[in-house]
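To start, the structure itself, in structure tokens.
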Amino acid sequence: MLSRVFGSGDRCPTGRPSWPVRLRDHLQATDPALARLRSGWRMLTVFATTLAVGYGMARALGHPIIFGLTYGGMVGLLVGLTVAGPKAGRLAVRCVWGVPAFLLALFCAIEVEPYRIAALLLAAAAVVVQVAAPAFLGEFGHDAGVMFFAGFLSGLLVPIPLEQMKYIAPIVAVAAVAAAVVQVLVCRMRAETGFVHVERGFLARTRYVVRRSTRLLETSDGSTRAIRALRTEMNHLNDAAMLVDGYLTSSGLPGPTAVRIHRLVFDTERAAHALGRTTIQLCEGPLPDEVRARLLAALADLDRDAAPALLDWLAHHEDDSRTPEYEHLISRLYRFVAVLGDLRRADAAWLTGAGDLPDDADHEPFTTPVELDKGKLPGAGLLAGRVLASGGMRPPWNVWTNPKPELRVAVQTLIALFIVVPLGDALNGYRYYWALIGVLIVMGGTHSPHDRVRKTVKRVVGTLVGGFVGVGVAHLVGVQHPFVTVVLLCVAMTVGAYAISAYYSVWAGALAFALIQLYAFTGGFEDSIVVLRAGENAIGAVVTTVVALVVLPVATRTLLRHAQVTHVRSLATFVRESGEVWSGFAGADGTREQARAVDQAAHELDRFSSSLFRLPGGDHERAEEIRATLRVAVVCAREMSVGSGAAVLTTDQRERLLTITACLADSIDEMAEIIDGETPACGVWIRSADDIRRLQRVVSVTPENVHLRHALHYLGYLDDLLAGLAARLGIPVRGNDYASGARAVGSELFALRAQLVTVRQPAPVGGRGAATPLPSSPIGDSPVSGGSRWISGRVRGETGGPVPGAVLTLIDQRGHQVSRTTGGGDGSYRITAPATSAQVLIVSANGYGPAALTLSSGSGSQHHDITLPTTGELSGTVRRAGNGAPVAEATVTLTDLAGEVVGAAITTTTGTYACPGVLPGRYTLVANAHRMCPAATTLTVPDSGRLRHDIEMTPTTTLTGRVRADVGVVPNAQVSVLDHTGAPIAHARTDSTGRYTIPGLHNGDYTVVTTGYPPTTGHITIGSADKVHTITLGHTTPMDTSRNSNT
């Protein structure tokens, strides 16, 4: 992956790096993909360059300097603000593309200046062109429209004679070329670099959640402010995780590598969110100081396994009280231990996961449900587009089916201009265009009346503040220090460009400041000009907002309802596909992608809902109720997506699971139709709690099924949650709820997961190190309250020697911890056990595989000697044959004689690898690396379990060259490589330049054969008329029918 960009350790999501790294992480966390920083840098370099070019061109042409600075700076301002992209050629073309439009508009502004009516109409046309052009030419249309309006505006700002065009045209053209050069050389953003910054920002956000959890635990009273800060950080973490998914599609990573990062990001986010929620729950009740200290110690050093210490405390204090508050505390502590284990595994995966997986040509590329809007998580833009496409406009405007958003906005803008232009001209005939700018800015990037009102307020406030600051600076500096003014302009535009996407009022203030400085050098101004500009901007914005409410409107309620329905239907899809995945019919690896679709829908609903004003008469309580319920449903979906989706189920259990999820998904779909208003509330919501409990009772309590039991637990909570919403929507609800009996099930589930965090160790699939499955039995009462007995014996290794310090954990048939102890130095142990029912004794020790023993019920003491299978480690170094150089990022795979993979590792930068948990036996070791011949060998791991085996890999060679003829290069020729026996081993075709490439050749002698074009035949019929028959020479690839053999 990308850890080498930052250095080892910096990729750890829970560590605390040095302060320079923390500063960088803060920037990357608060500014995803460094978009704002890039905008500021682009404005600084481009604007400063074009000002310098304008100054130099004016001097060279013998023209006033102010003209060079004005028109050169105008080009730099527009290019720096609106043009960006990863492709050098396209970026350069976009920088100069709008120059003809700029000059044409400037010429028109000069020509129509004496004709008042024509000037007003042309100004309105310039605004409409800027709004409508992207509908036809995309980003090129946008660039041309911006430059056209800016050119017309320049002619109004600085009136000039027509003969001055011969000086201005070269200034503008050269400034645009200079801007293109600067953009390509120092400002071009690359997709893979953006992904690096987004990934780093996600990891920083994970650290922030851990840090906020620590600070909350440090406050003895669990302050509301600390809880609010933690929840805010958790929301930021979710946004960062979705951004990583969105950027993965353009990161250039191979499909398998992108999928692996997606899963790792999701698991890390889920663990961090669970940690935050559990910490909040712990701090909401009484927390003993001893427990608080242990929790803080666990969070302070995640490299150290704190689970055993916490579990020891729980074993000694679990039965200290039977009050509900204390039982809740114990349950949350078990959950804390389980979550801590999940976070430690994710932490280790980030540190050890290095190197891209090979990109199989048949592997599907990575896809994600996360949609980005210009590199950011979408607001209401995509939502409004979907509503328009589905005919969401009010009658009678809905006769225009599926309008392009740009054309709809252009029509609204045109109608608003018919009102605004006369008003602006009446208010100030010289600067009427400020009202037009108000129309333009309020229609850009807004999709609801609430957005437009908010943007208008920011525009007016920013203009007033920035304008008055500009007036003060202009009076202070005057026109005697032009270079000081130029520096201030560069600073103002840089700050404004940095802030425009997040703090629009800052951009409005920076622009007003810059205009005041320009007016000071081009004819002076009155101090009241600031109020006039703000007022005319406000007039244009208010009129446009009213027009958008009447002409081609999309009701806010329609947008909100569509967002709610999308969210509810995403939950239905998630539940339905969860059943298919866990039952084994979908063939997918977990339900992370489906849960991410729920996240996307939730973010869209939250973003749109948070932008709304609470006006009198609205149905805000119902909307907020739906939003709050669905926000909790997101947590349930995320928790249900734990693990790989694999479980050990019988056929009957699979059918039960499919029935439960299908019925619940159908009910959720019906709820979506009711929210959408398509159907009345005539159905009945049937709760699935009883069916879920029955399935929980018959699913075997094995380590493989722990994640399924966890998912079923949260599926019950999701059913309760949505059933409550259905009742509030007027849908009759039948059946028992899940929450009434879920607390005990949750406590036992978290206790079992906490135990597995400690006792589960890697072991070969099907090998002797695999733990014995826990027996399947109905969930009964806990035997803790019955009589007790002693279980004793010795723990030995396979050689018969004692195993010192073994950890012994006794659990009941529901996975709840009953007792816990540590063996002595001679391998002896003694543990107390209830006598009322059977239990399972789990034994583990460092360097050995775990073992599990079922203890029958009875009142007498029992003696059991337990043998732990020995585990070891296969390690070594992968080197390059010949010079012995280490081979980094090689994949080393270990399989048993049956072909099952029992271990795998990726070599470090020094070529070393290690496969832990290897049992004695015979194995096959295979090493693969880029541009290396695969190396395979059979080896035997001794009884000690420790073996070092170094691997030598022979590098391959790439053969390249060109095929030429007398007339030049030969494209589409076939080049074949034959071995010493004459058998073909590789071939390639030449490209349009005659070049060919054949990779992966081993050392040796070969024969290269080049063939021209094969004969081509065709059948024609000659009649009385002339006939044209085209003959195409070249090699054709035989049709590959292997993929379609089953269709």
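Heads up, the Cβ atoms here are built off N, Cα and C, so glycines get one too.
Of the given residue ranges 64-84, 337-357, 421-441, TrEMBL assigns the label transmembrane segment to 64-84. TrEMBL tags one of the stretches 460-477, 514-531, 838-855 as transmembrane segment, and that stretch is 460-477. The transmembrane segment annotation in TrEMBL falls on one of the ranges 41-58, 293-310, namely 41-58.
Here TrEMBL gives region 'Disordered' for one range in the set 765-786, 809-830, 941-962: that range is 765-786. Looking at 91-112, 168-187, 460-477, 537-560, the range that has the most CB pairs within less than 8 A of the transmembrane segment (144-162) turns out to be 91-112. Within its own chain, the transmembrane segment (64-84) is flanked in space by residues 38-39, 42-43, 45-58, 91, 94-95, 98-99, 102, 142-143, 146-147, 150, 154, 157-158, 160, 164, 167-168, 171-172, 175-176, 179-180, 183, 187, 189, 482, 486, 489, 493, 497, 500, 518, 521-522, which lie at least six positions past its ends and keep a Cβ under 8 Å from the stretch. The list of residues near the transmembrane segment (168-187) in space but at least 6 beyond its ends in sequence, with Cβ under 8 angstroms from a Cβ of it, reads 38, 41-42, 45-46, 49-50, 53-54, 57-58, 61, 63, 67-68, 71-72, 75-76, 79-80, 83-84, 88, 91-92, 95-96, 98-99, 102-103, 106, 160. For the transmembrane segment (41-58), the residues of the chain that approach it from at least six positions outside its boundaries are 64-73, 75-77, 79-81, 84, 167, 170-171, 174-175, 178-179, 182-183, 186-187, 486, 489-490, 493-494, 496-498, judged by C-beta separation under 8 angstroms.
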